[in-house]
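Everything below concerns the one structure shown next.
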Amino acid sequence: MVDAGTLEKLEAGFQKLQAATDCKSLVKKYLTREVFDQLKTLKTSLGATLLDVIQSGVENLDSGVGIYAPDAESYTLFAPLFDPIIEDYHIGFTKNDSHPPSDFGDVNTLGDLDPDNKFVISTRVRCGRSLQGYPFNPCLTEAQYKEMEDKVSSTLNGLDGELKGTFYPLTGMAKEVQQQLIDDHFLFKEGDRFLQAANACRYWPTGRGIYHNDAKTFLVWCNEEDHLRIISMQKGGDLKAVYARLVNAVNEIEKRIPFSHHDRLGYLTFCPTNLGTTIRASVHIQLPKLAADRKRLEEVASKYNLQVRGTRGEHTEAEGGIYDISNKRRMGLTEYQAVKEMYDGIAELIKLEQSA
């Protein structure tokens with residue numbers, strides 16, 4: 001049973017959301033009194049409650065979504081709240097839909113988006129994975145963080161070929177290593193206020209680490225927002241090379257570490273926006289003519305299911321007219337389709353820029 005103190009906090013949180021008239025988050029939209037009363041006394045087998053799910057959105061009324069899953073079971077137990085939010089965010093993925101089986105497709109059908117290097121500064125494809133048998137950040141113990149870091153570092157240190165590299169634990173990291181990783185834009189910081197409020201940063205920096213290959217085109221974050229963030233990137237617009245490297249890496253890691261997968265939702269992640277393929281394929285791109293009117297840029301982008309962000313990602317501005325543009329859809333389509341959607345959309349934006 002959920003204790004009285006938690007119930008009190010839940011009621012206060014619910015009232016706060018109700019009273020926040022300018023709050024536009026999905027948690028406010030879908031956490032009705034009926035849903036709230038249905039879920040407030042439930043607890044997962046690892047002890048997570050509705051409070052763990054909604055507290056980031058309660059604390060940060062400017063959240064876009066406002067909920068996180070403290071463990072895999074939360075997606076099922078708190079489905080009356082997660083399902084409509086998933087459907088709203090992953091446009092039209094209803095509670096009766098199932099995410100298709102994983103399919104990375106034929107990488108050879110992709111190419112270089114910008115062979116003349118006029119527009120695309122860099123290309124990046126990432127995915128998130130959770131380790132089977134472990135909860136997500138808020139429910140992890142210090143011992144589990146350490147255990148996961150050991151598993152992940154030994155797996156990654158066994159990679160060879162172009163993926164061969166070094167694992168750097170955040171604990172006890174030398175200042176010069178830290179500075180180098182910051183200069184490379186590889187180092188992740190302790191979570192932002194959204195993650196902090198979701199209790200995603202406990203025991204920091206225990207269990208956190210960064211791996212990168214010698215060429216600095218392949219990167220893995222261990223226990224940042226998700227258990228694993230697997231990232232492939234390089235300068236220029238050669239999406240085929242970037243994607244092929246990611247696919248190779250995911251397959252190699254999965255041989256050694258089983259990932260957490262849900263029959264209906266695909267690969268499970270801490271934040272419901274990343275479910276399904278978990279794939280985010282993005283470019284840093286300069287489109288000076290289109291970007292002169294950001295509203296128009298966003299209109300065109302949304303036609304191709306693309307998301308426009310500032311240069312440094314979410315909640316940032318575009319520096320020097322450089323935008324971060326990525327696929328928006330991650331659920332209800334295959335990995336290949338998600339990447340192809342970005343490929344086709346960016347190709348179209350470049351065409352429009354050239355004719356503007």
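Every residue gets a Cβ built from N, Cα and C, even glycine.
Feature annotations, courtesy of Swiss-Prot:
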type	residues	note
BINDING	Gly64, Val65, Gly66, Ile67, Tyr68, Glu225, Cys271, Glu314	L-arginine binding site
BINDING	122-126, His185, Arg229, 280-284, 309-314	ATP binding site
DOMAIN	9-91	domain 'Phosphagen kinase N-terminal'
DOMAIN	119-356	domain 'Phosphagen kinase C-terminal'
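Look at Val125 (ATP binding site): DSSP puts it in a strand. Calculated from their C-alpha atoms, the gap between Gly66 (L-arginine binding site) and Arg309 (ATP binding site) amounts to 19 Å.
Per Cα geometry, Cys271 is the residue among the binding-site residues Gly64, Val65, Tyr68, Cys271 nearest to Arg229 (ATP binding site). Spatially, by CA atoms, the binding-site residues Ser122, Val125, Ser282, Arg309 include one closest to Ile67 (L-arginine binding site), and that is Arg309.
Closest to Ser122 (ATP binding site) in space, going by CA atoms and restricting to the binding-site residues Gly64, Glu225, Cys271, is Glu225.
Ranking the binding-site residues Ser122, Ser282 by how many Cβ atoms sit within 10 Å of each one's Cβ puts Ser282 at the top. Taking all protein chains in view, 29 other C-beta atoms sit within 10 angstroms of the C-beta of Gly66 (L-arginine binding site).
Straight-line distance linking the Cα atoms of Gly64 (L-arginine binding site) and Arg309 (ATP binding site), rounded to a whole number, equals 14 Å.
Within 10 Å of the C-beta of Glu225 (L-arginine binding site) there are 22 other C-beta atoms, taking all protein chains into account.
For the domain 'Phosphagen kinase N-terminal' (9-91), the number of residues in each DSSP class (helix H, G, I; strand E, B; coil) is 48 helix, 2 strand, 33 coil. The binding-site residues under consideration are Arg229, Arg309. Their Cβ neighbour counts within 10 Å are lowest for Arg309. In sequence order, Val65, Tyr68, Ala69, Glu225 make up the list of same-chain residues 6 or more apart from Cys271 (L-arginine binding site) whose Cβ falls under 8 Å from its Cβ. Mean model confidence for the domain 'Phosphagen kinase C-terminal' (119-356) is a pLDDT of 93.
Long-range C-beta contacts of Val125 (ATP binding site), restricted to its own chain and to partners at least six residues apart, with a cutoff below 8 Å, comprise Ile231, Ser232, Met233, Leu239, Val242, Tyr243, Leu246, Ile279, Arg280, Ala281, Ser282, Val339. Here the binding-site residues are Gly64, Val65, Ile67, Tyr68, and the one whose Cβ sees the fewest other Cβ atoms within 10 Å is Gly64.
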